[in-house]
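Features as listed in TrEMBL:
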| type | residues | note |
| --- | --- | --- |
| REGION | 1-20 | region 'Disordered' |
| TRANSMEM | 109-127 | transmembrane segment |
| DOMAIN | 114-558 | domain 'Major facilitator superfamily (MFS) profile' |
| TRANSMEM | 159-179 | transmembrane segment |
| TRANSMEM | 191-211 | transmembrane segment |
| TRANSMEM | 217-238 | transmembrane segment |
| TRANSMEM | 250-272 | transmembrane segment |
| TRANSMEM | 278-301 | transmembrane segment |
| TRANSMEM | 372-395 | transmembrane segment |
| TRANSMEM | 407-429 | transmembrane segment |
| TRANSMEM | 436-458 | transmembrane segment |
| TRANSMEM | 464-483 | transmembrane segment |
| TRANSMEM | 504-523 | transmembrane segment |
| TRANSMEM | 529-554 | transmembrane segment |
Amino acid sequence: MSAHDDEKKSSVEAVTRDANDQLETTPVFEAAHKEGKIVNPLAHLTKAELFNQVEAFATAKGLESDVDLLKRGALVAQNPANFENMDELSRDEKDALAYEVAHKWSHPFLLYLTIFTCSIGAATQGWDQTGSNGANLSFPDEFGIPIDSDAPNHEHNEWIVGLVNAAPYISSALVGAWLSDPLNNYLGRRGTIFVTALVLIATPIASGFTHSWETLFVVRLILGLGMGAKGATVPVFAAENSPAPIRGALVLGWQLWTAAGIFLGLCANVIVADTGRIAWRLQLGSAFIPALPLALGIYFCPESPRWLIKKGRYESAFRSLLKLRHNPVQAARDLYYIHTLFVEESKVIRGETYVKRFLELFTIPRVRRATVASGTVMLAQQMCGINIIAFYSSTLFAQSGFTDRQALYASLGFGAINWVFCVPALYTIDTYGRRALLLFTFPNMCWSLLIAGMGTLLPDGSTARLAVVATFIYVFAAFYSPGEGPVPFTYSAEVFPLAQREQGMAWAVSTCLFWAAVLSITLPRMLAVFTPAGVFGFYAGLNLMAFGMIYLLVPETKCLTLEELDNVFSVSHGDFINHVVTKDTPYWTKRWLLWQRDTPKPEPLLQFDSPTVGAALAPEKNSRRNEEVV
């Protein structure tokens, strides 16, 4: 590098430091933050101070040609609800901002293409689950590890079958999810998704050509590497591109298409069921199908603006935002607002190295609370018992008295219900919130599993037994799909600050998939020892435990920008639990159990102290939020 280049680089770095130094937190902001209030760090600046900051920012980031646009965007970010009274904005810009509030689903085609592409990525996960679901009926016999109760060494073989099924989840949890941090660092969100899509094309095909359980196990371990890195990247990519008022619904596409993958995989199982000895090979191999459009579609999606900001590539981030927003002033508003909160966040959260970013998940209080909350919702997804159905529904139905053919069709019904009942969450997740959906669905999943388990005690082969077991497994799926189905990945993708987002999501995904692996390994033996009735009862009890964990450890995140969530997780666990136990619980007990309709609502734990972008874009939802306990 020449001396001139060194001098130029030093000059740019100095200007950047000056621009960031101008964003010092005001005493008002510090006080509000400590009190757990949701604040806008630009709200207390004068217009002159704001414009000075924007000019320094534009110079530091190479955006001098857009400085006037950035000033107008910063004005909107400072007081987003008052844009109609800003003389600096043109009539077209005011109309665009008003239209954005009134028509929350109106966004450019590229935004929806990005979300659709991310959603396809989830289908690969669901399809693989159901490929192994159907293959479990035949591949153990093909490889000489039969699990029928009268087969020799069947107990040993049950552990092997569980291990083969769990292989992708083992490697995802231990390695794959944690690869997302370096992959994202060097390749970006789009590059990581493309590479993992190639892995998810190759490994299902390879699994169809294996000739021993050992080889199948190794291939599925490699599959897990791609699955883990993809699972930790795709929801984050979707969340970072989505506007706050509908972020939950858009990121929910992950679960909607996971459910779609489960259903389509079950369809494939039924279609190839009569192909003889190669049926299980086709069932496992067909999981490559959704990975093809994922690899092709990601090329056309813009890179995450927040990732580009994190890498200091502000010009690229602005171009990306221009593709994802209708009007340039919206892109300028979001760019400057994200930058401002990122600078505030960086004063506490550095994350310079891989190890430091990992340690900060547990050492920085704000990040630790997000780590606990995301780990709780992910662990609860395994505790609820959904994956004993997704992995082993055909086996469960067969052991409950169904023929193999009936078991496949009964599993297909489960897949259809799991998919269809995700749709209501597109509305409810941003209206009622993530926490409310979880607290509603867990008690209902508990009783439906209990009744399904009791149904297995009816006379073997009786119509009543078949009807009760199938019906209440379907009821269980109907409650799971709009609640614990979509929330965990949506929630985990949004709760971490930008510096820890890859590591945080890796933690969440590894928590989910590690316990999925434990479940997959142990279920064949549990069925043999506990019987289906005992297994259903065991997971019904875990649903109640999960309800209690969520009630005490998971705060609400709806309708705030990703950066504004720092305020939510600034509230300590002690304060949150104290509020829930001493304010929330008495209110709901009196209001809904004792039916005292005139019981006054308690004061909310978090309130808006100044106008924020998230509040302005969803005024009706956030006015309701201020009346609720977070």
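Even glycines carry a Cβ here, placed using N, Cα and C.
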Of 109-127, 407-429, 436-458, 464-483, whichever stretch has the most CB pairs under 8 A to the transmembrane segment (529-554):
436-458
Are there three or more C-beta pairs under 8 angstroms joining the transmembrane segment (278-301) and the transmembrane segment (217-238), sequence spacing 6 or more?
no
How about long-range neighbours of the transmembrane segment (464-483): same chain, 6 or more residues beyond its ends, C-beta under 8 Å?
255, 259, 384-386, 389, 393, 396-397, 400-402, 406, 410, 413-414, 417-422, 424-425, 428, 437-438, 440-442, 444-445, 448-449, 451-452, 454-456, 458
Test of understanding: applying the rule of at least three C-beta pairs under 8 Å (pairs 6 or more apart in sequence), is the transmembrane segment (407-429) touching the transmembrane segment (109-127)?
no
Under 8 Å, at least three CB pairs between the transmembrane segment (191-211) and the transmembrane segment (278-301) (pairs 6 or more apart)?
yes
Tell me if the transmembrane segment (407-429) touches the transmembrane segment (278-301). I count contact as 3 or more CB pairs below 8 A, with pairs 6 or more residues apart.
no
Return the average pLDDT for the domain 'Major facilitator superfamily (MFS) profile' (114-558) as a whole number.
87
Grab the same-chain neighbours of the transmembrane segment (407-429) for me: Cβ-Cβ under 8 Å, and only residues 6 or more beyond its ends, written as numbers and ranges.
130, 133-134, 137, 248-249, 252, 255-256, 259-260, 262-263, 265-267, 269-270, 273, 389-390, 393-395, 397-398, 437, 470, 473-474, 477-478, 480-483, 485-487, 490, 558
